[in-house]
Amino acid sequence: MKKTSSFLQMKQKGEKIAMMTAYDAPSASLVEKAGIDMILVGDSLGMVVLGYDSTIPVTLEDMILHTKAVKRGAKDTFVVADLPFLTYHASLSQTFESAKAMMQQAGADAVKVEGAAGVVESIRQLTNAGVPVMGHLGLTPQSVGVLGGYKVQGKDEESAAQLLKDAKALEHAGAFALVIECVPEQVGKVISEQLNIPVIGIGAGVHTDGQVLVYHDAIGYGEAHVPKFVKRYASVSDPIVTGVETYVKEVKQSQFPTKEHSFFTKETPLSLYGGK
Ligand SMILES: Nc1nc(=O)c2c([nH]1)NC[C@@H]1CN(c3ccc(C(=O)N[C@@H](CCC(=O)O)C(=O)O)cc3)CN21
Ligand SMILES: CC(C)C(=O)C(=O)O
Ligand SMILES: [Mg+2]
C-alpha cells in the first residue's frame, strides 16, 4: 500500500500525480489496472451514480458503502474518501466519529474535507490522531448554496490571495495534500509552487502537482452535464447503448438465447418439451 509520504516524494521529484474517482469495485479495479496513483471516492457519486443534482444529499452511509466496494476492487491503491456534507462541522467529536467510520468501517486510507476556516482545527486534530487528511479549496461543491453555483473561484487579486492563505493554513494544520478545484491556471500554479505538500488540480490548469477527474466524466459514462475542464478520454456510453439495443432486438426476435447460451439434459421427457 502506498503511503502519504510517497506523494510528497513524487512532488519533490517533479513526478505528476494522476488521481481519479471510483465508486464501486469494477471502476476501482479498472483504474488500478490503468496505473492510477491515487483513487478518490468522491461525494460526486451523489451526482454521477445516485442521480442527485448536487452532492448535498450524500450521507456518511452512502460513502461507507461505496468506499468498501472500492477497497475490494483496488487492494493495492491508496484510497481517499470524501467526508460528505455536514458530517464534519457540528463538533470535533462529530468529525472524529465520521473519520473513524471512514477509516475503520469503510477502510479508507485518508479522508478529504472541503473548506478552510471551518476545518483547519479539525485537520490539526485528525492529523494528530493519525488520520491522513486531504484538503479541498477553490470551488467546494458542498458550499454550492453559498457560492451561488459551480463557478470559477479566485479570479480577482483578493480572492486569489485568500486561496493562497487558506492553502498555507491547511498545510500548516497537517494536510498531506490538497485538491484545488476550478481556479485560473495562474492561481493553480502559484499555490502549487508556494506549498510543500502536493496540490492536485481539477480545472486548475497544468501546473499543479497532479490532476484529478471524475471517472464518469473522463470515460464518457452517463448523460451528466460535463464541466469545461473535463477531457473525455473514452466514450463508453455509446457501446453500452448499442449493446443493449442489440440485446433488446434479439430478445424481441427470439434470436437470444441460442443453444450456445442454453442448458440441456438427457433426462428431459420429450412429453414435457412438447415433443419438438
Ligand atoms: N460529473 C461531475 N463532475 C465533476 O467534476 C463534479 C461533479 N460531477 N459534481 C461535484 C462537483 C461539481 N463540479 C462542477 C460542476 C459544474 C461546473 C461548471 O459547469 N462550471 C462552469 C464554469 C462557470 C464559470 O465560468 O464560472 C463551466 O462551464 O465549466 C464546474 C464544476 C465539479 N464536481
Ligand atoms: C471532484 C473531486 C475533487 C471531488 O471532490 C469529488 O469527486 O467528489
Ligand atoms: Mg467531493
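From the backbone N, Cα and C atoms, a Cβ is placed for every residue, glycine too.
Unlike curated records, TrEMBL annotations are generated automatically.
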The Mg(2+) site in TrEMBL lists Asp43, Asp82. Which one of Glu15, Glu114, Glu121, Glu157 belongs there according to the record? Glu114
For the recorded Mg(2+) site formed by Asp43, Asp82, Glu114, which further same-chain residues have Cβ atoms within 8 Å of the site's Cβ center? Gly42, Ser44, Thr55, Val58, Leu83, Pro84, Phe85, Lys112, Val113, His136, Pro141, Gln142
Students should find that the Cα atoms of Asp43 (3-methyl-2-oxobutanoate binding site) and Glu181 (active site, proton acceptor) sit apart, in Å rounded to an integer, by 14
Enumerate in sequence order the binding-site residues Asp43, Ser44, Asp82, Lys112, Glu114 whose Cβ-atom distance to ligand 1 is under 6 angstroms. Ser44
Annotated recorded positions Asp82, Lys112, Glu114, Glu181, filtered by Cβ under 6 Å to ligand 3: Asp82
Return the residues near Ser44 (3-methyl-2-oxobutanoate binding site) by Cβ distance under 8 Å, restricted to its own chain and a separation of at least 6 in sequence. Thr21, Thr55, Pro141, Val214
How many neighbouring Cβ atoms, not counting its own, are there within 10 Å of the Cβ of Asp82 (3-methyl-2-oxobutanoate binding site)? 30
